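What follows is a set of notes on a single structure, which appears directly below.
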Amino acid sequence: MTRLSALAHWPQFEQEAHHMHDVHLRDLHQQEPNRFDQWHLQFDQLLLDLSKQRMRAETRKALLQLAREAKLPEAIEALFTGQPVNRSEQRPALHTALRQPSDTSLEVDGEDIIPAIHQTLDHMESLVNTVRSGQWRGVTGHPITDVVNLGVGGSDLGPLMACHALRDFAVQPPRVHFVSTMDGSQLVDRLAWLNPSTTLFIFSSKSFTTADTLANAETARRWLSQHLGDEGLIMKRHFIGVSASPDKMTAWGIPEAHQLCFWEWVGGRYSLWSAIGLPIALKIGMAGFRELLAGAHALDQHFRQTPLEENLPVMLALTGVWNINGLNINAHAVLPYDGRMKYLPAYLEQLEMESNGKCTTQDDEGVDYDTCPVLWGELGPNAQHAFYQLLHQGTQAVNCDFIAPARRYEDVKSPDQRQQLTRQHRMTLANCFAQSRLLMLGDSALDPTVLDSAPRYRLYRGNQPSTTLLLEQLTPYSLGQLLALYEHKVFVQATLWDINPFDQWGVEMGKKIAIATEEALVEQRHTMAEFDSSTQGLMSHCLHQQEASNRSDLES
Ligand SMILES: O=P(O)(O)OC[C@H]1O[C@](O)(CO)[C@@H](O)[C@@H]1O
């Protein structure tokens, strides 16, 4: 593997970046009036418009040269065929296998892994059907009405995002809830109104060692046993475990029949396609979940088989590389124009920043270029009333992804409501297109009444690059395509940057020292020299507050 800056075509790329540095998007559009035709790509349910990016034909050529030189086609093949692409952990990253149809095969270490994947899907289906048909009974004999997913990071964000995005496809019962926060606040809120007799918990953790989830699961177990007694029966009737570590699930008390397993070669943030997707299947039914897998698989095929210049994930990724390494734009906003995609930004924050927030190459050398941008987002229409001020007039350049479904509300029964909601959808699309246009062109190109003499605080300079992604409609199938698109985008960028997108060593040390810190808090060792003065001060402050509160409890 070679660092991006050591590739033979890097100087050409830098030259191109130098040339484009002062070029305004307004001029690009004037010079190339049919830019949309030249810069949009379409596959199945997705349309990717790159015409509002600060790129010209030479830019695309320079990027593609880098991609070929970085051996991107070979890397894609290595990903799909189960090579150990996760080098620091010496294992493959086979989330794509999770969506392969049952009549295909994929050998890893001499074994076809596809049958086991489909056996797990079948197991999932039988659990989903048992719960949804009311045959799964709690210890008091009542059917399950509510399922609570206890998980964090990849064991929460993907299912949470998908359940919210696909809520139009929900087939109740049961209601599905998500609890992730370590401090217990989400769980306490839920437990206040849930009925223990009819509540089922999914203990969802790849490692089954994550402190946040273990703490929430323990609180849930105690709540159940307080109300329902019999610990043994509770474990049988009120918990399902999802993990890559069956031994740990058994040790925690979850019976084998209620364990759904997946594999070490599925990264946490790539795991919603595995049994981690159980909440999605409970929410939209197993047929819907299989649609999600089918959409992702179709995108996988496109990614694997399509020439680089027509390949949606490749071109989306190269556009990112251009913004970061060519134009030095290191902020990236994700702006869905559809309330159902509320949790997409949070999901992509983990997918992109946990994958590519790295500064060492695959050969463990330092990189001398920027990698993953700071990525954040919010529903576009709401963000218009919050942080778009910075997009339009701040000092930072930001690369934006505008995401929206082209069609919506077609199946609303009442004609009057359909008409009104269709209008709201049209308004939303209009805002989406208006914002990206203004960001691109600035105000003077759009409004002839804007005078050069206007005060500077009123001016919109434009030249902010953006990508627009349109889905035909938001369905399980199209969502599968959208998510696979971003997963592969991340992989392509990692390949160019020569970093490993499948490990996350940067999160380990924090977990380790939190354990020692908690021990010190319990033992009140807050003045020990092992802690720096800042941490000692904060610990002392909290302990004093607690002591004061204990004293006032005793006095009252
Ligand atoms: O599924 P687990 O093992 O509980 O991990 C949850 C999350 O924690 C992380 O390991 C980060 O701490 C993520 O990569 C992962 O998605």
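For all residues, glycine too, the Cβ spot is worked out from N, Cα and C.
Remember, predicted model here, so these are calculated numbers, not experimental data.
The active site, proton donor feature in TrEMBL is assigned to E354. Sequence-distant contacts of E354 (active site, proton donor), defined as residues of its own chain at least six apart whose C-beta falls under 8 angstroms from its C-beta, comprise G153, R269, Q504, V507.
Secondary structure from DSSP puts H385 (active site) in coil. Sequence-distant neighbours of H385 (active site) (same chain, six or more apart, CB under 8 Å from its CB) are absent. TrEMBL lists H385 (among others) with the feature active site.
What TrEMBL lists as active site is K511 (among others). DSSP assigns K511 (active site) to a helix in the three-state reduction.
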CB neighbours of K511 (active site) within 10 A?
-> 12
